[in-house]
Amino acid sequence: MTDHPLDQLNLHVPGSESANSTVCIKMRVKFRRLRRFFKSKSKSKEVKPIPSNQSQHSRLSFQQPTRPYSIISKANSFPSGNSQSTYTTDNQLTSPTSDNQSTPSTTVQENVLSAPFYISRTLEDIFDEDVPRPTMKTELPQLQQRIEMTQQLVYCNALLLRDTLSPQKSATGEAAENGATFILQEPALDKTELDWLKMTKKDPMEADSLRWLATCVVEQFVADANKDSSKISEIVALGPVLQKEPYRNLLSTFIKEFDDGRILDVDMLQGLVQLVQSASPGYLEPDDLVNILKIVRVRLQGTHQQSTEHSYHLTLAVSRVLDVMAEHKVQDLDRVLEHEPLSDVLSGLKGSSDLYQLYQACYAFQALQYVPNDETALGAVFRHTIGVADGLTKVSAVMKLDLTSALEGLVKLQEVLGETAEVAGSVYEGFCLLMKGGRGVFDSLKEAFGSGRRHPWYPAVKVAYAFAQAGQLKDLKVLIVESPCRQDPLFQWGICQLLGEIAADPAWAVSARQQSVSLLGHLCQHDQNWGRDKSIKAWMFTIITKLHAASDQVVSEAAHSVLQDLTVKKSALIKHPYPLRARLPLPSASPLLTKVQNIQYLEHDLHKYRLHRLKEAKLSVYISPMAMANLQAHDDELFPLKEKFQEFLTSERQVMLILGDSGAGKSTFNKHLESELLRTYTRGGPIPLFINLPAIDRPDKDLIGEHLRTNNFSEAQIQEMKQYRQFVLICDGYDESQLTVNLHTANLFNRSGQWNVKTVISCRTQFLGQNYRSRFIPDGTGHYTRQATDLFQEAVIAPFSKEQIEDYVKQYVPLEPRTWTTKDYMDKLTIIPNLMDLVKNPFLLSLSLEALPGVTEGKQDLSAIKISRVQLYDTFVRHWLDVNSRRLQRNVLTREDRDMLDQLLEAGFIPMGIDYSTRLASAIFEHQDGNPVVQYIHIKDEKSWRAKFFGPDSKTRLMRVSSPLNRKGSQFRFLHRSMLEYFLSLAVFDPSSHNDHEFAMHSGTGSTDAALSNAESLLFKRSLLTEPMVIQFLCERVKQHSDFKKQLLAIIEQSKTDVNAATAAANSITILVRARVLFNSANLRCIRIAGADLSDGQFDSAQLQGADLRGVNFARTWLRQADFGNAQMDGVRFGELPYLEVEASVNTIAFSPDGKIFAAALRHGRLITYDTTAWTRVHQHKGQSLVLSIAFSPNNQYLAFGSEDKTCRLWDTASGETSLVMEGHKGGVNSVAFSPCGKQIASSSSDSTIRLWNSETGECLFVLSGHRAPILSAAYSSDGLKLVSGSNDRTIRVWDPKTGTPEADWVIPRIDGPRVALSADGRRFAVVTGSKRPKIQLMDTNTGEKGLVLDDDAERLTDIAFSPIGELIVSSSGSSGDKTVRLWDSSNGQLISRLLGHSDQITACTFSPDGLQIASGDLDGIIRLWEVNINLSSSFTQKRAAKVRTVAYSHDGLFITSYHDDNTIQRWDSSTGASGPILSSFTYGVISVSISPNDNWFTSSYGSRNVRLSNAQTHAVERVLLGSSSYQVGNMRFSPYSRWFVESVQLLDLESTDEQGKEVDETADEQGKDVDDTADEQGKDVDDTADEQGKDVDDTADEQGKEEDETADECRLTGSVVFSPNGDQIAVEFLSSPSRLRLFGSGVTGLRQPLKEVCLSDRLRSMDYSPDGQRLVLGTGAYSALLWDLQSDEPDVKLEGHTGAVYSVAYSPCGKWILSGSEDKTARLWSGEDDSWSCVAVANGCSEAVKSVAWNPVMPMEFVTGSDDGSVRVWRISSVEAGDVSICMHWGSHIGRLCAADLTFKGAVGLSSFSHKLLIQRGAVDDSLSSEGANGSNEEEIEVAVA
């Protein structure tokens, strides 16, 4: 045996079989180099072992780049340095302090053992090859097999986890980034493991169930009150395979249990440490380790002087935690709070007489040196590797620890740390002297403790444990004999511990354990440098003796073999009272797993349910829908609905409402959603449930429970799911179930102990009322159970785009053999008029695809086919019945069925089928109130009405199987809800027997079936107002069948005398109004239509005297000149409230918290309060200063107001007296607010401060400074804990009102607006940003994070307010061009409604406390009150109408063209009002538009000063006429015969203008000739003066280039241009001072030689020639129109009556009437001749100026007006007795608001005072019409008057 260990190792240098060396020569060179290094060091000085605190638990299972290197190995990885074997008994050695405990005599002998020792293995034979690392392997379960023990669960999850890891990923540099020291190379899986993984992958549910089961075990442990040692051992074994959430839950539980325990629980402590050691990457946070260390340190500090055993375990725990912290590079360990206190505690242990405890303390002290550093112990080793730039990278790259690099690094580290130790001085030297003196480790540790230096034995021991953990036992042996610090007794202590743990751990291979014992024996007996210290020798003897006493026979025999050659005295053994185990032992049973196994049965049933639903939810065609945020969103604001749903799932929201029209695809999306959720379902995850609401009897009572019972789940399972599971509840058909309750609230979802649910509810848009959200928004959980709008979101399914339609067709075509291709279908859908618009509805698309081949068969001109929605249903139903009749004829039937089929075919199978479905639909509504699901069980229902439709008789059965019905068990329903409604509409009117079933042009004649007026018909028995789709179908019937319209009118007429026709009449008139039938001038006297919906209807001059109008909805209805005399008007709704009129401008307004008081502060300092029950004034306060802001106290008793006089005052609302005056501000008080408790008032001022006042004493509590400019608003959060302020310094600040201090780091800079409003729940605030084009920015009050931006075309925002009950926001605009109150939805940023009506700038707006009303005040002293629910759009999307600039009739009077300021041109049918846009490729910068009289052309001028001449039929631009280079083009006019065209200062001849747009020739002869030719072409005689005019032009041609008219340069065209009727003159206004009107001959191109000129004192706005061309009527800015006889020198007649500028004037074709449109919102009709004219009638009702008027050139007494309110309205004049003239509106567009001008209601019964006042304010009169004024049409039948 040689002296140096390397000499022994040289006998067996690793050869080619070694994983770490492939060339023997290289290894020998390295070893010789190491020997020379040691010899040189020994010559210069003795090797001095560095005292340190070697720990046995230096395990290297630290964080890796992904999951741990191997959870299979990690779960049973080799124990950490100081850990002790699980399977070793605790009482086999004697404690050094207890003499009465003896070692068993069979284990230890006082004398030399009898048998001489014979070493069975040489050093070369020990660990001659690597072995697999310890793993926990058990029998793998089959699919769906019950897991019997926790070890099996760990093994399965470890395999699954390893399979998910990418081997390539683990080899990347991510290891270094995650603090990983090395990465272990995984052994290959065996065939059994691979086969099991392959089998498991086939059923993803199996893998999910295994992961979920592990999570359940964690949850069981957390909930278990009795956490004994067996449960702790069981749960800790699962730690390495857990997912992050359950792992952290488990870790938190361990920390809490240990920290809360009064008595130290050693198992809990060791479990906590073991759990930390097994953490996967990313699971631990630095704070976790710091907190655990602190808890253990505190417990150690209070324990070490009381219990040596407890101190040992706590010190051991400290060592392990520090090891983990060092490897995680935790650098934030506070040196003062943690590092130094821990050092002091450890230093205090050096007086211990317990060697084990002292060693652990020393080890922990050494480990502590690495924690605050940025380099781990192993990192230090590899950094010093000779010739390796980055040892860590190298190690990671090969994915294996490298022996050579490790030894080189340790050599270098030994040298570096040795030099460092020398600098330290006496500590290191003293330790060496102690060793030379024969003193043991015990004394060395005491004196060397706390040197504060790093020592090389610590990383050397960690490298050794790393090799062991990797299974590289061959390299471990080399490291033991070649380590540069191998003579250090602390290194030897740790290695002995390591070998003992390998031998004691049954998880290792038997050979590895035996060889560990052999290596211990070899070191003890044959290594001269090993065990020189007696304590080390004793430690080795102790370990071998304990192994000999082990119950494991293999290890015991190996230890016995070693002991035979050793002389071991009992006194030489180290007494060891502590268990020597590496980890907690696994219990023989699995108590936690056993408790949760019963959940497996639930999952099994869920699995069966899942498979069943996946089969049912299969869709043959599916197109992912797009959606809008709400009903008010624009068509271009779409998003994928599925993505929005995914956002919903991950958010805190609880209810998602999906809206859509009938057939929009809601149910299809829901089924697809269910299918996707079922496919991705994981065990224990959210359970998707699709519930058809109509199929549930009481969906408002235990909805989920009833559904689960229906699907055969037991009560125990239901309760289990209720307590522990989450659901995604998909509720389909809310509208079909006729529900009005809030399902979320009624079922107590998400309440304590109730169902944990995310709810998706679908509902048809048509089913909803105004305030529909209240049916779906969950209730909050606060003291006041308001609805929590932040828990709700909605989406509206958008119609299909053309691309989606084509995708649908592509999926549809291959479903079955077809002769048509996708292109064939798309061609037909595109060519047939209106069909592409119809099939944007998915259900209608499916109907169309089925019907199209038959419909188009034999048709040549597809463009002549017209299709509506109801026609699609007609065709589909006929097609369905035809296909089924042929199917039945082919089938084998019984004789009875065959006979019945023959009879049905003879009678007409299709009509019989339609009749069957129609009767069924009627019965469903009659008996089930429209619930579409019919359940029929023959034995129970054979005598019920259901038997008529589902009984077993042959006829009924054949009809049922042939009808468009679905069957599910005993439940029947139509294919779609809309199909049920379609057949119900057929019960009202069935045209099937009168029209072809194909798509064809309907003749207008339909059924005159007397059944319609039968009292037993559906129209008489049931109100259809709750069935909007039925009404929609019937509306289309009205448009297609004039006789149906007549029948409905007849029913209305019948109601006058038949009280039983009231319901039918209400239905009829509702249908007609929805079909846009106009009732202007209709005789509706005494009709009975109670409850009808007439909203958006037109009833101009309608006679409604004596009518029963109770409960009728007149919202947005045109009622001008209507007569309601003696009508019954109880409960009539107009959608608006009367406004309040005050004597000065309104400055600010507010409601009291209880809503009973309303206050308004006026500009002259007056403060007024109203009683809101009757809206009467209560008190009036007249102050000396302008009141800037007001706020009510929470108890309604006081009103605080801030004034311009720098004070804040408190006003008693009961007495009207001032009770407090709070002074202190140095500027005006812009804002006041009460705290929610009412004890504090906040006032913000122009002095840049906020003052907080005691509301009872008026004492100033705090002055809040920080803003640098006037503060305009301040508001408290709902909990009173925050105060938010906005200032002109462009910042938002948040304050603590309790302390008066600003919130730290809570200042939002660069906010352009100072207005701030807080939401009712305090979670958000809204701030006005920007000044030129302001917006509303939503922000989070907790984080300051910016949210949605509310943006419209507002010019200036003056106020904003949140709704107290929901997500609505109201804002007001205060500019001359924008007087609008806007209603927003803050949940999605969409504009809901623009509330128009103010005539002056709006200054303030607010909500009532119940959120149902909005008040707004303006500078004109008007306070308007709006009903919120009415202005929440229901089925109509509100769009702002663009102002109308001009209107004009076509030459034949059939059409009207209107030009709008949004650069659009509309074409209207003058008779019906039907319209469509005229397309133009230019939609920006249009200045003026003109239509040629022959309707061939229209021109548009642009900012480029050019004019585009477009074809009026094709809308294509055919010419570009070059405009003036000096002036922008203003108004333009065509000559009467459409040849000449005038613009600016040019006259253009369209026939002489080439395609490039050159001007007309300027020669006199040609111009005269052109005029003559024009007259000839039009068939008119040209006066001889044309030639003279041509000559005159010729004479002046040479002079046109000169400045003859010196004033011409000072004048330019303003837009007032008009041709005389015969085209021989042009009247042009030039802008000058004064205004000049010039007359030119039509041949004068330069417009510089006027025939006549007149100067006007007033601004000219418009003009028109009389039909004879002898007069001009001039509209002026002086509120009058002038008449100018062209024979005189100036206008001589003034038409007065308007109260605003006259924007437009027009002579009637007969010359007897003049029409004028004015800024005063009216059009006046003037009658007269020569110099005598008077106003005979006024057309009123417009809400903005009337900008344009025009007469119908063909139909006398008809004219059109265009207004700034966006409306185009056609009026007709009727002459009556006594010569009176009446104007009645024929039709109008963009009504959009209530019009009651000149309405009369004398004697009306039941009209509320509010409605009475409202009508008066809208221009109604309560005086009856005189008998002379009775319209002659009053005695006519309705149909004569109705359009």
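All residue numbers here begin at 1 and follow the chain in the order shown.
Glycine too: its Cβ is placed from the backbone N, Cα and C atoms.
Curation plays no part in TrEMBL annotations; they are all automatic predictions.
If you check TrEMBL, you get these features:
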type: REGION; residues: 42-109; note: region 'Disordered'
type: COMPBIAS; residues: 51-109; note: compositional bias 'Polar residues'
type: DOMAIN; residues: 655-813; note: domain 'NACHT'
type: REPEAT; residues: 1187-1221; note: repeat 'WD'
type: REPEAT; residues: 1222-1263; note: repeat 'WD'
type: REPEAT; residues: 1264-1305; note: repeat 'WD'
type: REPEAT; residues: 1395-1429; note: repeat 'WD'
type: REPEAT; residues: 1437-1473; note: repeat 'WD'
type: REGION; residues: 1552-1613; note: region 'Disordered'
type: COMPBIAS; residues: 1555-1594; note: compositional bias 'Basic and acidic residues'
type: COMPBIAS; residues: 1595-1608; note: compositional bias 'Acidic residues'
type: REPEAT; residues: 1695-1727; note: repeat 'WD'
type: REPEAT; residues: 1739-1775; note: repeat 'WD'
type: COMPBIAS; residues: 1824-1833; note: compositional bias 'Low complexity'
type: REGION; residues: 1824-1843; note: region 'Disordered'
type: COMPBIAS; residues: 1834-1843; note: compositional bias 'Acidic residues'
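Per-residue pLDDT, averaged along the repeat 'WD' (1187-1221), amounts to 90 for this model. Secondary structure by DSSP for the repeat 'WD' (1395-1429): 2 helix, 20 strand, 13 coil. Remark: secondary structure over the repeat 'WD' (1739-1775) totals 0 helix, 21 strand, 16 coil, with classes taken from DSSP. Helix, strand and coil residue tallies for the repeat 'WD' (1187-1221), in that order: 0 helix, 22 strand, 13 coil [DSSP]. With a cut-off of 8 Å between Cβ atoms, the residues of this chain six or more beyond the repeat 'WD' (1695-1727) that come close are 1659, 1661-1668, 1671, 1673-1683, 1733-1740, 1742-1751, 1753, 1756, 1759, 1761-1763, 1771, 1773, 1781, 1783. Across the repeat 'WD' (1222-1263), DSSP classifies residues as 0 helix, 24 strand, 18 coil. When DSSP labels each residue, the repeat 'WD' (1264-1305) comes out as 0 helix, 23 strand, 19 coil, counted as helix, strand and coil in that order. Across the repeat 'WD' (1695-1727), DSSP assigns 0 helix, 19 strand, 14 coil.
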